[in-house]
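According to Swiss-Prot, the protein carries these features:
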- 33-53: transmembrane segment (TRANSMEM)
- 77-98: transmembrane segment (TRANSMEM)
- HIS83, HIS182: heme b b562 binding site (BINDING)
- HIS97, HIS196: heme b b566 binding site (BINDING)
- 113-133: transmembrane segment (TRANSMEM)
- 178-198: transmembrane segment (TRANSMEM)
- HIS201: ubiquinone binding site (BINDING)
- 226-246: transmembrane segment (TRANSMEM)
- 288-308: transmembrane segment (TRANSMEM)
- 320-340: transmembrane segment (TRANSMEM)
- 347-367: transmembrane segment (TRANSMEM)
Amino acid sequence: MTNIRKTHPLLKILNSSFVDLPAPSNLSAWWNFGSLLGVCLALQILTGLFLAMHYTADTATAFNSVTHICRDVNYGWLLRYLHANGASMFFICLYIHVGRGLYYGSYTYTETWNVGILLLFAVMATAFMGYVLPWGQMSFWGATVITNLLSAIPYIGTELVQWIWGGFSVDKATLTRFFAFHFLFPFIVTALVMVHLLFLHETGSNNPTGIPSDPDMIPFHPYYTIKDILGFLMMLTVLSALVLFSPDLLGDPDNYTPANPLNTPPHIKPEWYFLFAYAILRSIPNKLGGVLALVLSILILAVVPALHMSKQRSMMFRPLSQCLFWLLVATLLTLTWIGGQPVEYPYVIIGQVASVLYFMILLVLMPLISIVENKLLKW
């Protein structure tokens, strides 16, 4: 008798995606982060759903409803901090996942890569809107500053900002629509994840060597299912430690003050996972230029496949490119630090140098070094 998982219309789709899927035999731990992102998404949707049952999207009661969740709802504090710190874990996994793709040349699967960029934008938009919902000081002023950036768009900017706000300032209408979109977006992300996997399974996974792995494949289950479960346990251990021991470590104390349009906080800054982009935005003195640089800091990933000059796919055997890759990582960490600092000497100049270096590495240095490496190998 044929196994039901191979004949049932629904089960056979799952079977070909997670059970009998042929996978390269040499995938390292860097390949765990895709499945970890899936777990993060599921966790965020679940905790978010239960939080939404108690949250009220109204300027008069939003802050108090979050306090009520933490104090009066059974395990509400756990839901709230799992959701807030789950977002941080989500972005840690996202950035490592993208970094893995850059390092091992996975971006040569252009469809999968481009859907991934869309996913990155969607998750960033979702996180931004979620940060506004507790209606603390940083929620309100973060929303005001970031949405106001759209006013830099020539001709339609001001109207566009007021259209998004639903009035002449960030107010009740803004909070309500942000809640609606924050609820909707994770489901759009889930749909995009399916498309991402669909394109990935058209080609099969890349592997650390960057060499076609067709002659040496193993079934996904049990080899990579057990490996993924180990990854889940490790990530959930870190998340649990964060939630139970220092839940506010990654948050901003200003967000424990209710939103007040008449009092601007001394340092307006987004959550830590947006600081690198915020630093790039601030490093350009012109408003429109800053906004363009902000968008391009992520959109630049779309041109990476076109700039791949090496005859080898992966950086595994390219030590010069490896040095540049880790310089890029150091640059991003520097930008993240700068984004959280006040706009004064020496932080401004450090941010400007790091911003230029970030774009230089991706657009100029990496293609050049790839050509040099080809020459060194007499290719």
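Including glycine, each Cβ sits where the backbone N, Cα and C put it.
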Checking the binding-site residues HIS83, HIS97, HIS182, HIS196, HIS201 for other Cβ atoms within 10 Å of each Cβ, the smallest tally belongs to HIS201
Which range wins on Cβ pairs under 8 Å with the transmembrane segment (178-198): 33-53, 77-98, 288-308, 320-340?
33-53
Counting Cβ pairs under 8 Å that are 6 or more apart in sequence, does the total for the transmembrane segment (33-53) and the transmembrane segment (226-246) reach three or more?
yes
Taking the transmembrane segment (77-98) as reference, which of 113-133, 226-246, 288-308, 320-340, 347-367 has the most Cβ pairs under 8 angstroms?
226-246
Using Cα coordinates, what distance in whole Å links HIS97 (heme b b566 binding site) and the residue listed as 'ubiquinone binding site'?
17
Could you round the CA separation between HIS83 (heme b b562 binding site) and HIS196 (heme b b566 binding site) to a whole angstrom and send it over?
24
Cα-Cα separation of HIS182 (heme b b562 binding site) and HIS201 (ubiquinone binding site), in Å?
29
Three-state secondary structure, which DSSP defines for HIS97 (heme b b566 binding site)
helix
May I ask for the residues of the chain that lie six or more residues beyond the transmembrane segment (113-133) and have a Cβ under 8 Å from a Cβ within it?
48, 55, 57, 62, 66, 87, 90-91, 94, 98, 101, 106-107, 139-140, 142-143, 146, 174-175, 178-179, 181-182, 185-186, 188-189, 192-193, 195-196, 199, 270-271, 273-274, 298-299, 301-302, 304-305
